[in-house]
Amino acid sequence: MTTSTSPAAMLLRRLRRLSWGSTAVQLFILTVVTFGLLAPLACHRLLHSYFYLRHWHLNQMSQDFLQQSLKEGEAALHYFEELPSANGSVPIVWQATPRPWLVITIITVDRQPGFHYVLQVVSQFHRLLQQCGPQCEGHQLFLCNVERSVSHFDAKLLSKYVPVANRYEGTEDDYGDDPSTNSFEKEKQDYVYCLESSLQTYNPDYVLMVEDDAIPEEQIFPVLEHLLRARFSEPHLQDALYLKLYHPERLQHYINPEPMRILEWVGVGMLLGPVLTWIYMRFACRPGFSWPVMLFFCLYSMGLVELVGRHYFLELRRLSPSLYSVVPASQCCTPAMLFPAPAARRTLTYLSQVYCHKGFGKDMALYSLLRAKGERAYVVEPNLVKHIGLFSSLRYNFHPSLL
């Protein structure tokens, strides 16, 4: 008499045969401990990790960020109030040159009082230019004030030290009477004005357009020097319309509709997989080489890097300017954009042909022009600026948050 054995019973019987020393059990335990215990404990406060506990930390981290920004804003204000000027009138923050190699144009509006965003940005650029020394003699700071009211205190203070272009100086304040011009179109027009003013005033080789809530990273000038003088001489990078220096960290994960990142992700697995396999085989005293084990560690490392956060692994590239990567740009966002002079003139023509509105801001307009005009654009990774503005100049935000 034969008795049938159920699939569940057969599975249990096979599981009982597995010993704690078997490869399958060890790798299963490693997976559970890594993704169920160690990684969540280590990463629950990392803002751009899948393990981040938003409900536990976000509100407090946002408040701490705002408080720190207030302190840094006050420090930047004192920095300029105490900054001496030669003969009491000659600016010392910038060194005038007949034709600068790079103009750094900072676009500013009157934002939330107390944070002094534009002062933070300009003071950081000033410090970095001083540290850079003779290598940055061809760099020119330029402030573009697009605030319609005359109450922009920070812009007035900076005018003692930095050349300023005021879009609405000496004009009638009748902008609000035109119902066809919304805030998104105005932002685009402001951008066009500042880019055009930079070209007309200095005729530089490059224009770096920086919004007044984008603080430069410490490595920005050595990296730009390397990129523009070495990397952008490569044929596939020549004649680019623009180079983005910032992409939101929350959009830097591998699981994104960008093919280049998928290739990079697979490359991470192919690099770390064999290394982890060798370590496992050595310490587990396993003879020979196992393709299934290597495949496991390839997938294991890919999953770990994605869940911890690609953003944090990109930070390793800051070890050297040559390690920064340049990849095709996506549509969001425009805190810092570098334009070669010929491309900047093409951009002015392109932007004059589009109209911006809610859902189609200047960043989307610039990105849409790439395909329409057959242009190319790139983004540098990791970011070369930090976005510190939680208060948008386009949207009211009474409860700002880091995410």
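Note that Cβ sites are derived from N, Cα and C of the backbone, with glycine treated the same way.
Between Cys144 and the candidates Cys43, Cys132, Cys194, Swiss-Prot records the disulphide bond with Cys194. With respect to the membrane, Ile104 and Val327 are recorded by Swiss-Prot on the same side.
Swiss-Prot lists a disulfide bond between Cys332 and one candidate from Cys333, Cys356; that candidate is Cys333. Remark: Cys132 (disulfide bond) has His139, Phe221, Pro222 as non-local neighbours, by Cβ distance under 8 Å and separation of at least 6 in sequence. The UDP-N-acetyl-alpha-D-galactosamine site, placed at the center of the C-beta atoms of Val109, Thr334, Pro335, Lys362, has further neighbours from the same chain whose C-beta lies within 8 angstroms: Ile107, Glu187, Tyr191, Met209, Glu211, Cys333, Asp363.
Here the Cα atom of Pro335 (UDP-N-acetyl-alpha-D-galactosamine binding site) is found 14 Å from that of Cys194 (disulfide bond). Spatial neighbours are here defined as Cα atoms within 10 angstroms of one another, and by that definition the neighbours of Cys333 (disulfide bond) among the recorded positions Val109, Cys144, Cys194, Lys362 are Lys362.
For the recorded site, Cys144 (disulfide bond), the DSSP three-state label reads strand. Val109 (UDP-N-acetyl-alpha-D-galactosamine binding site) and Cys144 (disulfide bond) are 9 Å apart (CA-CA, integer value). Separating the Cα atoms of Cys194 (disulfide bond) and Val109 (UDP-N-acetyl-alpha-D-galactosamine binding site) is a whole-number distance of 12 Å.
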